[in-house]
Each structure stands twice: as C-alpha cells, then as structure tokens.
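Heads up: the structure comes next, in structure tokens.
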Amino acid sequence: MVSGRMTQLMASENQTMVTEFLFSIFLHPQRGGLSFFIPLLLIYGFILTGNLIMFIVIQLDMALHTPMYFFISVLSFLEICYTTTTIPKMLSCLISEQKSISVAGCLLQMYFFHSLGIAEGCILTAMAIDRYLAICNPLRYPAIMTPKLCIQLTVGSCFCGFLLVLPEIAWIATLPFCGSNQIHQIFCDFIPVLSLACTDTSLVVIVDAIHAVEIVASFLVIALSYIRIIMVILGMHSTEGRHKALSTCAAHLTVFLLFFGSVAVMYLRFSATYSVFWDTAIAVTFVILAPFFNPIIYSLRNKDMKEAIGRLFHYQKRASWAGK
C-alpha cells in the first residue's frame, strides 16, 4: 500500500518536472545553424516586407479598393502574423544554445498559429466565393459583394479561427507532461505535443476529425467555385477577357494549392505516420514557403499591383523632392 502511494507520488513529481519543451530538430546542426539562420532570416524579412508593402499599397491606392484586393490585403496581414508566431522562435533556436520553449509559450504558439491558419483558410474561401460571383454572376456582383459583406466575412473568418482552436488548447493545457520533453518538429503542433503527454490522449481522434472537417469544407467550397469559374471562362467569346480572368484565378489557385495541399497532407493523415524528415519538409511548405510566395504571386505577377506600387513609390519620390 505504501509502495503504491510512493509510486503515485513519484509519478506526480515526474509529471510536474516538464516545464518546457525541447525542439530536438535544432539540436543537431550546432555548427551549421548559421547556414540555416541567414536564408531563413532573409526569407522572413521578405515575407514581412512584401506582405506589408502589399497591405499598405492596397489601403492607399483607390484603384485597388475592390473586394478582391481587400481580401488580398487581409491575407497579407494574416501572413505577417502567421509567420511571426513561428519563424522568430526558429531563428532563435538556430543561433542560441537555448532550443526550448516553455509549456505556456508552446500552448500560445499552437493557439495563434492554428487560429491564424484557420482564419487564412477562411479568407481564401471568401476569395474563391468573390471570384465566383464576379465571373459567374457579374450583374449582381456589386450588389452582393458590398464593403459591409467583405468586412463581415473577414470578421467571421477571424472569429471562426480564434474560437475553433480554443477548446483544443484548453484541453491540452489540462494534460500532464512527463518523461521525454523533446518535440520532433520545427514548431509546437498538436500531434508532437500530445505524444509527450503521460495520460490517455485518445481524444486526439476528435481533434483530427475537427481539423478534417475544417480543411475538407474549405477545400470543397474553393474547388467547386473554381470548377464553375473555369467552365464559365472557357465559354467566354473574348480572348482578352478569357486570358485576364484565367490570369487572376491562376494566382488564387496557386496560393490555394500551395497552402491547402501541404496542410491537407499534414493534417488529413489520421493514423498514417511520416518520418521526421517528411514531417519537417511538409511543415516548412506551409509555415515558410506558402507565405514567401504570397507577395510574389499577388504583386510581381499582377499588373494592377505593380502599377499601384509604382504609383506609390513615384508619389513618395516626388514628395521627397518637393520637400527639398
């Protein structure tokens, strides 16, 4: 009896010992950390600068005050916040000796990362609906897609993201963690963290199901919208109109496939397991590469955006010369 109580006490003590998690992936490149740090820092700087320029240009240029560009500006803002939840910690782990994160910090990172990711998925869905209405129902488009509806869709997307993840994080916060504290991933994520809990985590099936519903629902809405859009575009008589519509939709589809493709591979696997290498590669795709290509796809390949950026910098240049 005494022995049983001692065992329970020791288990309890072990459970309270884990106060931080260790990112095991960053333990190995001790000498090569700087070679990863510099490219990642440059990518992060480009993500911040590119998305910030897009956000500012869209807000300042009246020619871009349309629903489509409004959603692009929201997406750019979310990308800045989304990457800031993970990349700065990665950069810190690459060059500092401390490769750990507190349990509370890990929970916060998971919460904001997934909340912003879901909000971004909802915005991409809203953009698909916007393009569907603009191309398939152009006469009613201005009456339906009003500024008020755009704001409502944006608020709803953020509300949906920050609310859906809350129960999962609250549940994980109640779990005891003991034994190993090494996370085999580049950021705090549900499965790597739950695998460290020293209690029954069978409810992870419910977590998987919730993620599956979220991803599949957005995927179906976007896929069906673009199937209908492509059918309408191919039926257009004007070659110029067909080319312009396809160009706009191609940019959206590229972002959609890059983001949702990697997210689906990561979170729709259920019982399937990947090696640490493939887990990391998939995570890099939607954590780093998708936000990196966002400003490239929406600005460098977009004539209206390039002209708006040119007008902004030309105006700034003239203002600086006038000041002198």
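Heads up, the Cβ atoms here are built off N, Cα and C, so glycines get one too.
Here the structure is a predicted model, which means the values were calculated and not measured.
Annotation comment: TrEMBL describes 50-298 as domain 'G-protein coupled receptors family 1 profile'. In the predicted structure, the domain 'G-protein coupled receptors family 1 profile' (50-298) carries a mean pLDDT of 86.
The transmembrane segment annotation in TrEMBL covers 36-57 (among others). Panel annotation: around the transmembrane segment (36-57), residues 29, 64, 72-73, 76-77, 79-80, 83-84, 87-88, 90-91, 94-95, 288, 291-292, 294-296, 298-299, 305, 308-309, 312 of the same chain, lying at least six beyond its termini, place a Cβ under 8 Å from a Cβ of the stretch.
Summarising the annotation, TrEMBL assigns transmembrane segment to 69-91 (among others).
According to TrEMBL, the transmembrane segment annotation covers 111-129 (among others).
If you look at the transmembrane segment (149-173), the same-chain residues 6 or more away from its ends with a CB under 8 A from one of its CBs are 67, 70-71, 74, 107, 110-111, 114-120, 122-123, 126, 190, 193-194, 197, 203, 207, 210, 214. The transmembrane segment annotation in TrEMBL covers 149-173 (among others).
Within the chain, the transmembrane segment (215-237) has long-range Cβ neighbours (under 8 A, six or more residues past its boundaries) at 121-122, 124-125, 128-129, 131-132, 135-136, 245-246, 249, 252-253, 256, 260, 263-264, 267-268. According to TrEMBL, the feature transmembrane segment maps to 215-237 (among others).
Residues annotated as transmembrane segment in TrEMBL: 249-270 (among others). Beyond the transmembrane segment (249-270), the same-chain residues lying 6 or more positions past its ends with a Cβ under 8 Å from any Cβ of the stretch are 75, 117, 120-121, 124, 127-128, 131, 135, 208, 211-212, 215-216, 218-219, 222, 226, 229-230, 233, 279, 282-283, 285-286, 289-290, 293-294, 297-298, 301-302.
Away from its own ends, the transmembrane segment (276-297) comes close to residues 25, 40, 43, 46-47, 50-51, 53-54, 75-76, 79, 82-83, 86-87, 117, 184-187, 189, 251, 254-255, 258-259, 261-263, 265-266 of its chain (Cβ-Cβ under 8 Å, at least six residues beyond either end). Taken from TrEMBL, the feature transmembrane segment covers 276-297 (among others).
Listed by sequence, the residues of this chain that lie at least six past the ends of the transmembrane segment (69-91) yet keep a Cβ under 8 A from its Cβ atoms are 26, 37, 40-41, 44, 47-48, 51-52, 54-55, 58-59, 101, 109, 112-113, 116-117, 119-120, 123-124, 126-127, 130, 147, 150, 153-154, 157, 186-187, 255, 287-288, 291, 294-295, 298, 304.
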